[in-house]
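> Quick one: structure below, then a few questions.
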Amino acid sequence: MKGLERESHFTLNENAMFFECAYSCDNALFLQLDDRSFFITDSRYTQEAKESVQPKNGVLAEVVESSDLVQSAIDLIVKSSVKKLFFDPNQVNLQTYKRLNSALGDKVALEGVPSYHRQKRIIKNEHEIQLLKKSQALNVEAFENFAEYVKKIFDEKESLSERYLQHKVKDFLTREGVYDLSFEPILALNANASKPHALPSAKDFLKAEHSILLDMGIKYERYCSDRTRTAFFDPKDFVFKREQSFKDKERQKIYDIVKEAQEKAISGIRAGMTGKEADSLARGVISDYGYGQYFTHSTGHGIGLDIHELPYISSRSETILEEGMVFSVEPGIYIPGFFGVRIEDLVVIKNSRSELL
(Lines of atoms letter the chains of each structure in order from A and count residues from 1; the text may use other names and numbers.)
(Lines give C-alpha, C1' and ligand atoms only; values in the text may rest on other atoms or scores of the structure.)
Protein backbone atom coordinates (compact mmCIF):
# COMPACT_ATOMS: atom_id res chain seq x y z
CA MET A 1 0.00 0.00 0.00
CA LYS A 2 1.22 3.49 -0.83
CA GLY A 3 2.83 5.33 2.07
CA LEU A 4 4.00 2.19 3.86
CA GLU A 5 7.01 1.26 1.73
CA ARG A 6 9.56 3.42 3.55
CA GLU A 7 8.16 3.13 7.06
CA SER A 8 10.42 1.44 9.57
CA HIS A 9 8.95 -1.88 10.69
CA PHE A 10 9.76 -5.44 11.66
CA THR A 11 8.16 -8.85 11.30
CA LEU A 12 8.72 -12.47 12.30
CA ASN A 13 6.01 -13.73 9.94
CA GLU A 14 7.35 -15.81 7.04
CA ASN A 15 5.01 -14.53 4.35
CA ALA A 16 5.54 -10.93 5.43
CA MET A 17 9.33 -11.26 5.25
CA PHE A 18 9.14 -13.13 1.93
CA PHE A 19 7.20 -10.19 0.50
CA GLU A 20 9.96 -7.84 1.66
CA CYS A 21 13.01 -9.73 0.39
CA ALA A 22 11.90 -12.87 -1.55
CA TYR A 23 13.17 -15.23 1.15
CA SER A 24 12.01 -16.56 4.50
CA CYS A 25 12.78 -19.32 6.97
CA ASP A 26 11.32 -20.56 10.23
CA ASN A 27 13.70 -18.62 12.49
CA ALA A 28 14.23 -15.08 11.27
CA LEU A 29 13.35 -11.45 11.88
CA PHE A 30 13.04 -8.93 9.06
CA LEU A 31 13.80 -5.35 10.05
CA GLN A 32 13.52 -2.20 7.97
CA LEU A 33 15.07 0.98 9.34
CA ASP A 34 14.41 3.93 7.04
CA ASP A 35 16.22 3.05 3.80
CA ARG A 36 18.12 0.04 5.18
CA SER A 37 16.76 -3.46 5.74
CA PHE A 38 18.10 -6.48 7.58
CA PHE A 39 17.35 -10.20 7.47
CA ILE A 40 18.38 -11.55 10.87
CA THR A 41 18.65 -15.33 11.19
CA ASP A 42 20.78 -18.05 12.75
CA SER A 43 23.76 -19.92 11.33
CA ARG A 44 21.60 -22.65 9.78
CA TYR A 45 20.16 -20.22 7.25
CA THR A 46 22.68 -17.41 6.70
CA GLN A 47 24.32 -18.86 3.60
CA GLU A 48 21.00 -19.63 1.95
CA ALA A 49 19.66 -16.21 2.92
CA LYS A 50 22.64 -14.45 1.36
CA GLU A 51 22.09 -16.41 -1.86
CA SER A 52 18.33 -15.84 -1.91
CA VAL A 53 17.40 -12.35 -0.73
CA GLN A 54 16.36 -9.98 -3.51
CA PRO A 55 16.19 -6.17 -3.57
CA LYS A 56 12.87 -4.44 -2.96
CA ASN A 57 12.46 -0.83 -4.07
CA GLY A 58 16.19 -0.73 -4.70
CA VAL A 59 17.12 -1.90 -1.20
CA LEU A 60 18.85 -5.25 -0.63
CA ALA A 61 18.45 -6.69 2.85
CA GLU A 62 21.68 -7.19 4.76
CA VAL A 63 21.88 -10.71 6.19
CA VAL A 64 22.82 -10.73 9.87
CA GLU A 65 23.80 -13.97 11.60
CA SER A 66 22.56 -14.15 15.17
CA SER A 67 21.84 -16.56 17.99
CA ASP A 68 19.43 -14.01 19.49
CA LEU A 69 17.23 -12.42 16.82
CA VAL A 70 15.52 -9.91 19.08
CA GLN A 71 18.73 -8.68 20.69
CA SER A 72 20.35 -8.22 17.29
CA ALA A 73 17.31 -6.23 16.18
CA ILE A 74 17.53 -4.08 19.33
CA ASP A 75 21.21 -3.36 18.68
CA LEU A 76 20.47 -2.23 15.12
CA ILE A 77 17.48 -0.10 16.13
CA VAL A 78 19.40 1.67 18.91
CA LYS A 79 22.19 2.59 16.48
CA SER A 80 19.70 4.04 13.98
CA SER A 81 17.92 7.38 14.01
CA VAL A 82 14.47 5.76 13.84
CA LYS A 83 11.87 7.23 16.20
CA LYS A 84 8.90 4.98 15.38
CA LEU A 85 8.78 1.27 14.51
CA PHE A 86 5.66 -0.40 13.13
CA PHE A 87 4.64 -4.01 13.64
CA ASP A 88 1.56 -6.23 13.50
CA PRO A 89 0.50 -7.08 17.08
CA ASN A 90 -1.13 -10.27 15.81
CA GLN A 91 2.29 -11.55 14.72
CA VAL A 92 4.35 -10.70 17.83
CA ASN A 93 4.06 -12.49 21.16
CA LEU A 94 3.85 -10.59 24.43
CA GLN A 95 7.32 -11.63 25.58
CA THR A 96 8.96 -10.24 22.44
CA TYR A 97 6.98 -7.00 22.68
CA LYS A 98 7.91 -6.49 26.34
CA ARG A 99 11.56 -7.14 25.61
CA LEU A 100 11.65 -4.64 22.76
CA ASN A 101 9.68 -2.05 24.68
CA SER A 102 11.94 -2.35 27.71
CA ALA A 103 15.14 -2.07 25.68
CA LEU A 104 14.01 0.80 23.46
CA GLY A 105 12.26 2.80 26.17
CA ASP A 106 11.36 6.34 25.14
CA LYS A 107 13.88 6.40 22.28
CA VAL A 108 11.72 4.47 19.81
CA ALA A 109 7.92 4.22 19.83
CA LEU A 110 6.54 0.78 19.00
CA GLU A 111 3.41 1.25 16.89
CA GLY A 112 1.19 -1.82 16.67
CA VAL A 113 -1.04 -1.81 13.57
CA PRO A 114 -3.25 -4.89 13.04
CA SER A 115 -2.69 -6.47 9.60
CA TYR A 116 0.15 -4.00 8.96
CA HIS A 117 1.98 -6.25 6.50
CA ARG A 118 -1.24 -7.40 4.85
CA GLN A 119 -2.05 -3.75 4.22
CA LYS A 120 1.25 -3.51 2.35
CA ARG A 121 0.20 -6.47 0.18
CA ILE A 122 -3.41 -5.48 -0.45
CA ILE A 123 -2.73 -4.34 -4.03
CA LYS A 124 -1.07 -6.94 -6.23
CA ASN A 125 1.32 -6.08 -9.05
CA GLU A 126 1.06 -7.77 -12.44
CA HIS A 127 3.62 -10.43 -11.54
CA GLU A 128 1.67 -11.39 -8.43
CA ILE A 129 -1.59 -11.48 -10.39
CA GLN A 130 -0.05 -13.86 -12.91
CA LEU A 131 1.18 -16.15 -10.11
CA LEU A 132 -2.30 -16.17 -8.58
CA LYS A 133 -3.82 -16.88 -11.98
CA LYS A 134 -1.46 -19.83 -12.52
CA SER A 135 -2.19 -21.15 -9.03
CA GLN A 136 -5.93 -21.02 -9.70
CA ALA A 137 -5.51 -22.70 -13.11
CA LEU A 138 -3.69 -25.61 -11.45
CA ASN A 139 -6.47 -25.74 -8.88
CA VAL A 140 -9.17 -25.93 -11.57
CA GLU A 141 -7.23 -28.74 -13.24
CA ALA A 142 -7.17 -30.64 -9.94
CA PHE A 143 -10.98 -30.34 -9.68
CA GLU A 144 -11.33 -31.83 -13.15
CA ASN A 145 -8.88 -34.68 -12.55
CA PHE A 146 -10.44 -35.54 -9.21
CA ALA A 147 -13.93 -35.72 -10.73
CA GLU A 148 -12.63 -38.14 -13.37
CA TYR A 149 -11.02 -40.26 -10.66
CA VAL A 150 -14.22 -40.45 -8.60
CA LYS A 151 -16.25 -41.51 -11.65
CA LYS A 152 -13.70 -44.18 -12.47
CA ILE A 153 -13.48 -45.81 -9.04
CA PHE A 154 -17.09 -45.37 -7.90
CA ASP A 155 -18.17 -48.79 -9.19
CA GLU A 156 -14.87 -50.45 -8.31
CA LYS A 157 -14.92 -49.65 -4.58
CA GLU A 158 -17.61 -50.79 -2.20
CA SER A 159 -17.58 -47.52 -0.29
CA LEU A 160 -16.07 -44.05 -0.65
CA SER A 161 -16.27 -42.15 2.61
CA GLU A 162 -15.96 -38.40 2.98
CA ARG A 163 -12.73 -38.93 4.86
CA TYR A 164 -11.26 -41.11 2.13
CA LEU A 165 -12.25 -38.68 -0.62
CA GLN A 166 -10.96 -35.68 1.33
CA HIS A 167 -7.63 -37.46 1.83
CA LYS A 168 -7.43 -38.58 -1.80
CA VAL A 169 -8.15 -35.15 -3.27
CA LYS A 170 -4.90 -33.90 -1.72
CA ASP A 171 -2.93 -36.10 -4.13
CA PHE A 172 -4.61 -34.39 -7.07
CA LEU A 173 -4.02 -30.95 -5.57
CA THR A 174 -0.37 -31.37 -4.67
CA ARG A 175 0.49 -33.56 -7.69
CA GLU A 176 1.79 -36.05 -5.12
CA GLY A 177 3.95 -33.50 -3.34
CA VAL A 178 4.95 -31.04 -6.07
CA TYR A 179 2.78 -28.24 -4.62
CA ASP A 180 1.75 -27.32 -1.08
CA LEU A 181 -1.86 -26.96 0.01
CA SER A 182 -3.07 -23.43 0.61
CA PHE A 183 -5.41 -24.86 3.28
CA GLU A 184 -6.87 -28.20 4.32
CA PRO A 185 -9.48 -29.14 1.65
CA ILE A 186 -13.15 -29.13 2.63
CA LEU A 187 -15.17 -32.00 1.16
CA ALA A 188 -18.71 -32.50 2.40
CA LEU A 189 -21.54 -34.75 1.23
CA ASN A 190 -25.24 -33.91 1.41
CA ALA A 191 -26.32 -32.52 4.81
CA ASN A 192 -22.73 -32.26 6.04
CA ALA A 193 -22.29 -29.44 3.52
CA SER A 194 -24.65 -27.34 5.66
CA LYS A 195 -21.58 -26.77 7.85
CA PRO A 196 -19.52 -24.19 5.92
CA HIS A 197 -16.19 -25.68 7.06
CA ALA A 198 -17.30 -29.26 7.64
CA LEU A 199 -14.89 -31.90 8.90
CA PRO A 200 -14.88 -35.11 6.82
CA SER A 201 -16.67 -38.10 8.30
CA ALA A 202 -15.63 -41.75 8.10
CA LYS A 203 -19.29 -42.73 8.41
CA ASP A 204 -20.78 -40.84 5.44
CA PHE A 205 -20.37 -42.52 2.06
CA LEU A 206 -20.80 -41.23 -1.47
CA LYS A 207 -23.87 -42.50 -3.32
CA ALA A 208 -25.46 -41.68 -6.65
CA GLU A 209 -27.50 -38.44 -6.57
CA HIS A 210 -25.62 -37.13 -3.54
CA SER A 211 -24.34 -33.57 -3.51
CA ILE A 212 -20.63 -32.83 -3.02
CA LEU A 213 -19.25 -29.52 -1.80
CA LEU A 214 -15.52 -29.20 -2.49
CA ASP A 215 -13.45 -26.19 -1.40
CA MET A 216 -9.71 -26.38 -2.04
CA GLY A 217 -6.55 -24.67 -3.23
CA ILE A 218 -2.79 -24.98 -3.66
CA LYS A 219 0.26 -22.74 -3.51
CA TYR A 220 2.16 -21.93 -6.69
CA GLU A 221 5.45 -20.18 -5.95
CA ARG A 222 3.90 -19.47 -2.54
CA TYR A 223 0.79 -17.74 -3.95
CA CYS A 224 -2.52 -19.33 -2.93
CA SER A 225 -5.54 -20.40 -4.92
CA ASP A 226 -9.06 -20.98 -3.61
CA ARG A 227 -12.16 -22.35 -5.35
CA THR A 228 -15.41 -23.98 -4.28
CA ARG A 229 -17.94 -25.96 -6.26
CA THR A 230 -21.10 -27.76 -5.19
CA ALA A 231 -22.05 -30.58 -7.55
CA PHE A 232 -24.69 -33.25 -8.11
CA PHE A 233 -23.08 -36.69 -8.22
CA ASP A 234 -24.04 -38.64 -11.32
CA PRO A 235 -21.59 -41.56 -11.68
CA LYS A 236 -21.83 -41.30 -15.47
CA ASP A 237 -21.57 -37.52 -15.81
CA PHE A 238 -19.87 -35.92 -12.83
CA VAL A 239 -18.21 -32.54 -13.34
CA PHE A 240 -17.52 -29.60 -10.99
CA LYS A 241 -19.12 -27.12 -13.38
CA ARG A 242 -21.24 -24.05 -12.71
CA GLU A 243 -24.37 -25.52 -14.29
CA GLN A 244 -25.75 -28.29 -12.07
CA SER A 245 -28.97 -30.31 -12.19
CA PHE A 246 -30.25 -31.67 -8.88
CA LYS A 247 -33.14 -34.15 -8.82
CA ASP A 248 -34.59 -32.51 -5.71
CA LYS A 249 -36.40 -29.26 -6.61
CA GLU A 250 -35.61 -27.50 -3.33
CA ARG A 251 -31.90 -28.23 -3.70
CA GLN A 252 -31.97 -27.00 -7.27
CA LYS A 253 -33.70 -23.80 -6.18
CA ILE A 254 -31.11 -23.14 -3.48
CA TYR A 255 -28.24 -23.85 -5.86
CA ASP A 256 -29.64 -21.49 -8.49
CA ILE A 257 -30.07 -18.70 -5.91
CA VAL A 258 -26.43 -18.97 -4.84
CA LYS A 259 -25.32 -19.03 -8.46
CA GLU A 260 -27.39 -15.92 -9.22
CA ALA A 261 -25.99 -14.15 -6.15
CA GLN A 262 -22.42 -14.86 -7.18
CA GLU A 263 -23.00 -13.79 -10.78
CA LYS A 264 -24.63 -10.53 -9.67
CA ALA A 265 -21.72 -9.74 -7.36
CA ILE A 266 -19.02 -10.51 -9.92
CA SER A 267 -20.73 -8.51 -12.65
CA GLY A 268 -21.58 -5.60 -10.33
CA ILE A 269 -18.40 -5.05 -8.34
CA ARG A 270 -16.58 -1.84 -9.26
CA ALA A 271 -13.47 -0.02 -8.13
CA GLY A 272 -14.47 2.67 -5.63
CA MET A 273 -17.04 0.47 -3.88
CA THR A 274 -16.56 -0.47 -0.26
CA GLY A 275 -16.26 -4.10 0.74
CA LYS A 276 -19.65 -3.66 2.40
CA GLU A 277 -21.26 -2.52 -0.85
CA ALA A 278 -19.74 -5.45 -2.76
CA ASP A 279 -20.98 -7.87 -0.10
CA SER A 280 -24.51 -6.47 -0.38
CA LEU A 281 -24.69 -7.39 -4.07
CA ALA A 282 -24.60 -11.11 -3.25
CA ARG A 283 -26.30 -10.89 0.14
CA GLY A 284 -29.18 -8.89 -1.30
CA VAL A 285 -30.06 -11.62 -3.81
CA ILE A 286 -30.06 -14.33 -1.16
CA SER A 287 -32.07 -12.18 1.27
CA ASP A 288 -34.65 -11.29 -1.38
CA TYR A 289 -35.36 -15.00 -1.86
CA GLY A 290 -35.87 -15.41 1.89
CA TYR A 291 -32.64 -17.25 2.68
CA GLY A 292 -30.68 -14.39 4.24
CA GLN A 293 -30.41 -16.05 7.64
CA TYR A 294 -28.72 -19.05 6.00
CA PHE A 295 -25.89 -17.02 4.46
CA THR A 296 -23.71 -17.05 7.54
CA HIS A 297 -20.32 -15.75 6.42
CA SER A 298 -18.84 -12.89 4.42
CA THR A 299 -18.98 -12.82 0.62
CA GLY A 300 -15.22 -12.91 0.18
CA HIS A 301 -11.66 -12.32 1.31
CA GLY A 302 -8.40 -11.17 -0.19
CA ILE A 303 -5.84 -13.78 -1.19
CA GLY A 304 -2.13 -13.83 -1.94
CA LEU A 305 0.77 -15.24 0.06
CA ASP A 306 -1.81 -15.94 2.79
CA ILE A 307 -5.07 -17.71 2.05
CA HIS A 308 -6.93 -14.93 3.88
CA GLU A 309 -5.70 -11.41 3.17
CA LEU A 310 -7.19 -7.97 2.73
CA PRO A 311 -9.63 -6.78 1.49
CA TYR A 312 -12.58 -8.41 3.22
CA ILE A 313 -15.85 -8.44 1.30
CA SER A 314 -18.16 -8.36 4.29
CA SER A 315 -21.13 -6.48 5.71
CA ARG A 316 -18.76 -4.50 7.97
CA SER A 317 -15.91 -3.73 5.56
CA GLU A 318 -15.30 -0.05 4.78
CA THR A 319 -12.22 -0.82 2.64
CA ILE A 320 -12.38 0.91 -0.75
CA LEU A 321 -11.83 -1.55 -3.60
CA GLU A 322 -8.99 -0.52 -5.90
CA GLU A 323 -7.23 -1.66 -9.06
CA GLY A 324 -5.06 -4.71 -8.44
CA MET A 325 -6.96 -6.07 -5.46
CA VAL A 326 -7.60 -9.82 -5.69
CA PHE A 327 -10.30 -11.52 -3.63
CA SER A 328 -12.82 -14.34 -3.56
CA VAL A 329 -16.53 -14.09 -4.26
CA GLU A 330 -18.16 -17.01 -2.45
CA PRO A 331 -21.79 -16.66 -1.38
CA GLY A 332 -23.48 -19.66 0.20
CA ILE A 333 -26.68 -20.99 1.70
CA TYR A 334 -26.54 -23.57 4.50
CA ILE A 335 -29.73 -25.28 5.72
CA PRO A 336 -28.83 -27.25 8.89
CA GLY A 337 -29.43 -30.97 8.53
CA PHE A 338 -30.50 -30.67 4.90
CA PHE A 339 -28.17 -29.10 2.35
CA GLY A 340 -25.40 -26.60 1.78
CA VAL A 341 -24.20 -24.74 -1.31
CA ARG A 342 -21.19 -22.51 -1.85
CA ILE A 343 -19.80 -21.32 -5.19
CA GLU A 344 -16.44 -19.56 -5.11
CA ASP A 345 -14.16 -17.96 -7.66
CA LEU A 346 -11.33 -15.43 -7.47
CA VAL A 347 -11.53 -12.01 -9.12
CA VAL A 348 -9.17 -9.10 -9.66
CA ILE A 349 -10.15 -5.44 -9.97
CA LYS A 350 -9.00 -4.48 -13.45
CA ASN A 351 -10.12 -1.52 -15.54
CA SER A 352 -12.39 -0.55 -12.63
CA ARG A 353 -14.37 -3.83 -12.81
CA SER A 354 -14.03 -7.28 -11.30
CA GLU A 355 -12.56 -9.85 -13.66
CA LEU A 356 -12.42 -13.61 -13.10
CA LEU A 357 -8.91 -14.75 -12.36
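Glycine is no exception: its Cβ is also placed from the backbone N, Cα and C atoms.
Grabbed the feature section from Swiss-Prot, which reads as follows:
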BINDING   Asp215, Asp226, Glu344  Co(2+) 2 binding site
BINDING   Asp226, His301, Glu330, Glu344  Co(2+) 1 binding site
> Between Asp215 (Co(2+) 2 binding site) and Glu330 (Co(2+) 1 binding site), how many Å separate their Cα atoms?
10
> To the nearest Å, how far is the Cα of Asp226 (Co(2+) 2 binding site) from the Cα of His301 (Co(2+) 1 binding site)?
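Per the Cα atoms, Asp226 (Co(2+) 2 binding site) and His301 (Co(2+) 1 binding site) stand 10 Å apart.
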> Can you tell me the CA-to-CA distance separating Glu330 (Co(2+) 1 binding site) and Glu344 (Co(2+) 2 binding site), as a whole number of Å?
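Between the alpha carbons of Glu330 (Co(2+) 1 binding site) and Glu344 (Co(2+) 2 binding site) there are 4 Å.
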> Any idea what the Cα distance is from His301 (Co(2+) 1 binding site) over to Glu344 (Co(2+) 2 binding site), rounded to a whole Å?
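That separation, Cα to Cα, works out to 11 Å.
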> Counting across all protein chains present, how many other Cβ atoms fall within 10 Å of the Cβ of Asp226 (Co(2+) 2 binding site)?
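Total other Cβ atoms inside 10 Å, all chains included: 26.
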> Going by a 10 angstroms cut-off between Cβ atoms, which of the binding-site residues Asp215, Glu330, Glu344 has the sparsest surroundings?
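Looking at the binding-site residues Asp215, Glu330, Glu344, the Cβ with the fewest others within 10 Å is that of Glu344.
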> So for His301 (Co(2+) 1 binding site), how many other CB atoms are inside 10 Å of its CB?
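I count 22 other Cβ atoms within 10 Å of it.
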